[in-house]
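Engineer: Per Swiss-Prot, the feature active site, O-(5'-phospho-DNA)-tyrosine intermediate maps to Y894; the stated evidence is sequence analysis. Taken from Swiss-Prot, the feature Zn(2+) 1 binding site covers C10, C13, C28, C31, and the record attributes it to similarity to another entry. Here Swiss-Prot flags E577, D704 as Mg(2+) binding site, drawing on sequence analysis. What Swiss-Prot records for 90-276 is domain 'Helicase ATP-binding'. Residues annotated as domain 'Toprim' in Swiss-Prot, with sequence analysis given as evidence: 571-735. Annotated domain 'Topo IA-type catalytic' per Swiss-Prot: 751-1142, in sequence order, evidence recorded as sequence analysis. What Swiss-Prot lists as zinc finger is 1-41, 654-681, and the listing cites sequence analysis.
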Amino acid sequence: MLKVNYLFGCPNCNGSISVDRLHAGIPCETCLPGAVEKLDIRTIYDLLVKYSTLKGYSELYMDLEMYDDILRLFKKIVGGEPWSLQRYWLNKLVRGESFSLSAPTGVGKTTTLIVYSVYSHTTSLFVVPTKSLRDQICEKLKKIGHLVSCNKPEEDKVNVVTFHSINKNIDEFVRIKPKLLMVDDADMILKSGKTTERIAKVLQIPQEVFDDTIKMLRLKRMLRFKEDEDLINQVRELESKILGYKSSVQFIVSSATLKPKGYKQMALRFLVGFEPSTIQIYNRNVIDSFTYSNNVNELVKEIGDVGGLILVSKDYGKKYVDQITDNLNAEGYRAMKAISGRKFLEKFSNGDVDFLVGSASYYGVAVRGIDEPKRLKYVIFYGVPKTKLPLEDSLNNPLTALKIGELLKLDVTEYRKRLIYLSPAELQAVKIALRNKVSLNGKLGDLVEDLTKLKDIILDTIKANKIDKLVSDSFVIKKDTNKHYIFFPDIITYIQGSGRSSRIMNGGLTLGLSVVLVDDLELFDILNKKLRRIAEVTFMNFDELKLDEVREKLNKSRSDGSGGRSMNFKTALLVVESPTKARTISKIFGRGVRREIYGIPVYETIIIDDHSNTIIYTNIIASKGHLTDLTTEELGYYGVEINDKDIVVNYSPLYRCMSCGKTITKKVSTCPYCGSSMINSSEKIVNAIRLISTEVDEVYIATDPDQEGEKIAYDIYSLISPYNQNIFRISYNEITKTAVLNAIKSKAKINESLVKAQIARRIEDRWIGFELSSVLRSALNDNNNGTGRVQGPVLKWVVGKTSEYKANIGYVVDINIGDYVVRKFFKTKKDAETFISQLNVKVTKIAERTSTIDPLPPFTTDSLLIDAYSKFRINSSLAMKVAQELFEAGLITYHRTDSIHISPYGISIAREYLEKIGSNDFVGRSWGNEGAHEAIRPTRSMDVEELRKEIEENPFQFGIKFTWAHYRLYDLIFRRFIGSQMSSATATYTTYEININGELYTVELPTKVHGGFSSIYGIRVYNLDESHLTTRIRKGSLVSLLTYADVIRLMKDTNIGRPSTYVRTVQSLIRHGYVVESKKRSFLIATNKGQKVYEILNKYFSDMVSESRTSHLITKIDKINRNELSAEDVIMDLLNEIKNIKLVNPLQSEQYV
């Protein structure tokens, strides 16, 4: 029986433990002798105490005890059970964690903090924005009978104070040395550097540490623009000083909407280990509408109810806020301005005010600071919410300048080429230099000079052509009182502002109404299109609404909750493979926040499933690939112990050397390769995942949907099972909102057949590789030798072609007849020259026919790699790296696939795109049967030019730095996919007879192609024009060398490769020095070392590394995948095969030279 054993991970001693025990949630046999059975935490604790083996498990037990204590207290104070989100917070609070409480109003943040402040029995500080909120909290604490101070700082009490008090009496609050600091509305910290510094003092952060952190952050920013060894050393020295600091104060942040931007704010974030900001939730239950009226009073009469928020577009200014407020009051309504402070909200909540009027500004209190679910029913936008800038100022953003230049028909191609590949830091430096009119050095300096000239050209062109208005797909430029301004629709302000009418109340989401008074048709059209794509908002004409029904629903959703949308809350941990993927998922569900656990980044976001009305508070962490590997400790046969009954496979954590980058699979204190003591263990990531798993309701493991991804998922599942039993495997083929939500809905268990197949393949790789490598090291006296079963045939092909190439070197004459090339080979240069001197070419058209051509299917991994090389000379390692990044950025589907199938959703993307460009050639093809994966396709109906525009508008949205290769590969994938969903093309094939110096050649070539898919995915056509005849002599061979593309095609044809191994196999040969890749054309050439290795393998182990034997083994692995073959049988067959290697030791019989 196949069994897995980890050499670490016991929840008590962190020692060796079997998978069976981990899955049962119990410690190792040394700690807890006896049969494997599921036991609860308290029983396990008691048994460990009984056996005197209690170690680390005590922490798990104590956390549970503290959690139970605070649950009892919560029920006593509140009179009911905490919600899922409150349980999550309480769990973290009792463990002393510092973090942000992210949730909409109405889910009990303040209640949770009041309960915890009572539970903590320590000097604490509760900082709130207003006196009224301070008084409310004080009153609640007094009713509970807890020690509370509301007027002056006192030790051993809960001190409830306003920010004003903190700023006024900072020294007194520092003096009481609170152990717990809770901050409501932390925007007060984030807006003011002075307040941030005062909060740092309350947190007892030494001034020197705070100043050093600011200095370190400044130096790191400088390093973005230039590599400087002195700066790097300064940063390292500061980091070593700062990292020794650990705060003794627990810091909790609630209700923050801003991101920390200043150096003081960023320093605070660095020192407390989390972002003092909270997740922005864009969940809405809103009727979005528009009208062309501009009369607010008339609109209010039509709605027929009070409880409205009027947001005035910023370009109208404070004057219109005053005017609208006065007009409403004159009509007999009670209206009040919402400009600053909090009094307006108190009056509105108490029913003393009917309407609030404020500015449609993202940072304004009317958009950010109003949470009144019962009374606020609708939002009226006076004018399309927009940002207005002087045109000249907007040109300091070079990407905006490019778009305006294009609108003016200026040639900005060269500017685009230089800008599009800048890093975010470089682009920011250029913006700042243009805005402040300062110079930069090097290429950025030249770019700033040229962009300054472009600004002048744009302004002169607009003036010379007397242009009053320009409209693009993202902004409008208009002339206003002899000056030009640029207007952008404010998408986020609309989402946030309209969302004020739809809040959490009594466990449900209230219904809201939004009405935009359209003052600019073009801007509204841009707003409408962007909202439809980003937030799935659809606007209705206000005049077509049945207002009596709307009014009834608005009120009903607030009276008894029955008319609102009922919401469920859940907490989860989502484990992915890469940090980029973690950031992408965090972004697509709103604006998340980042914290660190044991130095590992964790992204917090809120996933909202509208269909089940579930809010999933989600922590996202990256495993960074595999967390374990077959151990190289001296255990069994290369880590595998075999006895009569079982095959026990032993796994170690991965130890990565921070100096040389090597990975080690046994416990070491120094790197065996470079001697460095800077070793990082994957145990740190395991511990971070374990910690979060204790806090959440469910764990979703979303590693890649392939064999390797399943093994990573299995390791995570096994190692965290003692901490959470609600663990699910989810998988998706693309990183989009819909795909992730569907994956969560379809959560499943680990596919153990895939895991067993991976284990068998890894054992084969280890056994064959280590044994053959041992022979090669001895034979060649070189430690950098290694090979495996798949590398053997590939090395054979490369060595063979290299030998044939060298044996047939001569001269090649290229005869270019129009755009068709005929090649002739000669042994000597003289023969080639003679041939050219006598050259006589005659081309005769002898036949022509018309035929239809069907489109090619969408890409699989092998066909993508082949086309990337043949069309753009992108070698396969770069192509796979770029495809990985495009997948992780959410732009294409999973790129390791041998399926050509397209899902109905994929087909709809092609339909949408073809309709958008006005094509009638959509056909729609599913291309084969549905399987685990789809073909490689785009995730949106966005071509490469649209992608460029998106990146120009927001260079940071995809989280990767785009290069020419990213655009080329995306364009290739997009065109191939769209073409695969189109009708057939019509081609004309022409047959030619070519007479070259008396030799006759007959060829049939496509000479015309039109219609169908050819408009998107072009087919090469030829023009054999003998009047355009050129020749060239070059050194070459009768035999071509192999490229990556050739090797991939051979691997696929001989069934010795899979999408995940195509590139890795060749890279391994290059890494060992057996093969080199030519610089110009990426040919693969065998080295002398590679030749010697092949000769040894061919002489002694030819059968073992043959194509047929390798293909046979891969077929067996596939059968294990499908549960048609036992992994144990395959492993035992391998063991018998390995014995042949050990029996044949070439060094004992002869010395290889």
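Positions of Cβ are set from backbone N, Cα and C atoms, glycine also.
For each feature listed, report its degree of burial, its nearest neighbours and the pertinent distances within the displayed model.
Structural biologist: DSSP assigns Y894 (active site, O-(5'-phospho-DNA)-tyrosine intermediate) to coil in the three-state reduction, outside any helix or strand. The local packing around Y894 (active site, O-(5'-phospho-DNA)-tyrosine intermediate), expressed as other Cβ atoms within 10 Å of its Cβ over all shown chains, amounts to 25.
Annotation note: C31 (Zn(2+) 1 binding site) sits in a coil segment as assigned by DSSP.
D704 (Mg(2+) binding site) has a Cβ environment of 24 other Cβ atoms inside 10 Å.
Outside the zinc finger (1-41), and at least 6 residues removed from its termini, the chain residues within Cβ reach (under 8 Å) are 47-48, 51, 53-57, 60-61, 64, 628, 631, 633, 635, 645-653, 683, 686, 718-719, 721-723, 725, 756, 759, 1127-1128, 1131.
Counting same-chain residues at least six beyond the ends of the zinc finger (654-681), those with a Cβ under 8 angstroms from any Cβ of the stretch are 626-633.
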Engineer: For the zinc finger (654-681), DSSP counts of helix, strand and coil?
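Structural biologist: Going through the zinc finger (654-681) residue by residue, I get 0 helix, 8 strand, 20 coil.
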Engineer: Over the domain 'Topo IA-type catalytic' (751-1142), what is the model's average pLDDT?
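Structural biologist: Result for the domain 'Topo IA-type catalytic' (751-1142): average pLDDT 91.
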Engineer: 10 Å Cβ neighbour count around C31 (Zn(2+) 1 binding site)?
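Structural biologist: Cβ-Cβ neighbours of C31 (Zn(2+) 1 binding site) within 10 Å number 23.
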Engineer: Near the Zn(2+) 1 site, what residues other than C10, C13, C28, C31 in the same chain have a C-beta no further than 8 Å from the centroid of the listed C-beta atoms?
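Structural biologist: Other same-chain residues near the Zn(2+) 1 site: P11, N12, N14, G15, S16, I17, P27, E29, T30, L32, T53, K55.
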Engineer: So which binding-site residues are near Y894 (active site, O-(5'-phospho-DNA)-tyrosine intermediate), with CA atoms within 10 Å, out of C10, C13, C31, D704?
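Structural biologist: Passing the 10 Å Cα cut: D704.
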Engineer: Validating a neighbour-count step here. Other CB atoms within 10 A of the CB of C13 (Zn(2+) 1 binding site): how many?
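Structural biologist: Neighbour count, Cβ to Cβ under the 10 Å cut-off: 19.
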Engineer: Going along the chain, which residues six or more apart from C10 (Zn(2+) 1 binding site) have their CB under 8 A from its CB?
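Structural biologist: The list for C10 (Zn(2+) 1 binding site) reads S16, I17, P27, C28, T30, C31, given in order along the sequence.
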Engineer: Measuring Cα to Cα, tell me the gap between C13 (Zn(2+) 1 binding site) and E577 (Mg(2+) binding site) in whole angstrom.
Structural biologist: 27
Engineer: For a three-state summary based on DSSP, what are the helix, strand and coil counts in the zinc finger (1-41)?
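Structural biologist: Its residues divide into 7 helix, 7 strand, 27 coil.
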